[in-house]
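Following: one structure in structure tokens, then a few remarks.
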């Protein structure tokens, strides 16, 4: 599926072949859930509906109607809107007192990447001013800087520097590179053609088409509407409705914590949908699992994390319940009758005192 999407070969089918197994595997194991993998799934979902196979694609080579054709503006709007929301909501979440006061990621200032700043600032001030305040300002402003033509070059410079730093600071897989690759979405759709036109003539023959794109039935043109020609049809209205409802849903989910009736950063109810990235760090001083034999009353203790491949359950109440259910099914195989499971977990958020 991913190969077909990259080549623009049987594009819609390739998107579906990628999307369905991706979300199946992703939803199968909540311990591997994070905001980054969630974003990849969202982008794949959007790409399924947009016309991303119109330029330099195999489908375009095989179908003259798709070759070098215009793409509706709502295709750009939904993709740009998604990236804008990732930046802006992450910035709004960083207005948390712990982030503003410099407690969330204070250990980051020890990294070698911040050595130039520590030539003029102390480690504490580097953490507060550079790591926390600059990170907050970047997230809040990045979407706006990229959106407007006058500030786009500055925005591209800042976000590129930011994601290159993140690739060195954290082990977060492809996320920095995906965000780097998505930044040109905010540029004019003509930027690849303008870039290709600057290459030598011989080299241009091997590069994407630089000819003027052809009109598409997927688009509505102002001139044709003024002359009483092609007007918006059902397909265009559905595209506009999809963009509107999708972006509204993405704005709602980060603030839907009332559905789980708990403080999101403590209960982690809807953490995966909230873009609460790096706002809170946790440490555990004490984790104990006790079981009681329901028939004999005998007590025993389990090694924390036994029968699991992840330790993420310690921070999620719903995972604790599932883990307890799993243990109650497994312990009878080890001669424990009607087991009762008890957890004693002490957690610290952002280096505060430990709490049960």
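Every residue gets a Cβ built from N, Cα and C, even glycine.
The domain 'HTTM-like' feature in TrEMBL is assigned to 1-191.
The feature transmembrane segment is assigned by TrEMBL to 7-25 (among others).
Residues or ranges marked as transmembrane segment in TrEMBL: 37-53 (among others).
Residues annotated as transmembrane segment in TrEMBL: 73-90 (among others).
Among the features that TrEMBL reports, transmembrane segment is placed at 125-148 (among others). Long-range neighbours of the transmembrane segment (125-148) within the same chain, counting only residues 6 or more positions beyond its ends whose Cβ lies under 8 Å from a Cβ of the stretch, are 80, 83-85, 87-88, 90-92, 94-95, 99-102, 104-106, 108-109, 114, 117-118, 154-156, 158-159, 162, 183, 186.
Using a Cβ-Cβ cut-off under 8 Å and counting only residues 6 or more beyond its ends in the same chain, the transmembrane segment (155-179) has close neighbours at 36, 39-40, 43, 83, 86, 108, 111, 113, 138, 141-142, 144-146, 186. What TrEMBL records for 155-179 (among others) is transmembrane segment.
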